[in-house]
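What TrEMBL says about this one:
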type	residues	note
REGION	1-35	region 'Disordered'
COMPBIAS	1-27	compositional bias 'Basic and acidic residues'
DNA_BIND	26-94	DNA-binding region
DOMAIN	26-94	domain 'HMG box'
REGION	91-138	region 'Disordered'
DNA_BIND	109-177	DNA-binding region
DOMAIN	109-177	domain 'HMG box'
COMPBIAS	121-136	compositional bias 'Basic and acidic residues'
REGION	153-224	region 'Disordered'
COMPBIAS	157-196	compositional bias 'Basic and acidic residues'
COMPBIAS	204-224	compositional bias 'Acidic residues'
Amino acid sequence: MSPKNKEPKTKENTKRGKKEVDPDKPKKPLSGYMRYCNEQREQVKKENPELKLTEISKVLGEKWKELSEEEKKPYQDAYEADKEKYDLQMEEYKKTHPTGKKNADPNKPKRPLSSYIIFSNDKREEVKRKNPDMSNKEITTLLGKMWKELPEEEKQEYEKQHAEEKKAYEEKMGEYRREHPELKEKTPKKQKETKSTMKKVSSEEEAVDSNEEESENIFENESD
């Protein structure tokens, strides 16, 4: 039997089949943990020149776990600030780049907007009127700054509105699930526990925001 003729690997055909990345799509912000790793990686390399990259990642994970909440706070705060900008940029992106989702149930309740997005929607037109020469990205940045500087009592009004919308959403979803019992049978696919997966979980699990998936999907559900 003659061996099958294999197409030689080239830069072009190794990328074949991969989903093309939209350069206009906003990039997800780095988690607090990843910011810490980027800051500390070179120092750990210098102190441990014999370690492999995977071992350096493990050391960084252990060092992150040993940090106090107060020490982690600057990294988490930087993530939250960038996440707010990202959410708003994604809202703009979704308006001009429809996802093309098919067969979405129009009766499925929409997820509630975050307090920051409610604030942004409330102030956007006013900011546009006052700054007609600003691009959408610049307006988003300005709204993020306005939100950070907003007095706590004013923020609470938006947080209260979010809490009310969330409560209403959860009630509607409960009713929706009762009407669609098949949804309860669906469970997330179990991730294969490879060495790399286990390492990633052990080092990053503390840095994962439990609400991240929900906030990232806000705009997808709005476009359904």
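From the backbone N, Cα and C atoms, a Cβ is placed for every residue, glycine too.
Within the same chain, residues 92, 113, 142-143, 146, 158 sit at least 6 positions outside the compositional bias 'Basic and acidic residues' (121-136) and bring their C-beta atoms closer than 8 Å to a C-beta of that stretch. Mean pLDDT for the DNA-binding region (26-94) in this predicted model: 90.
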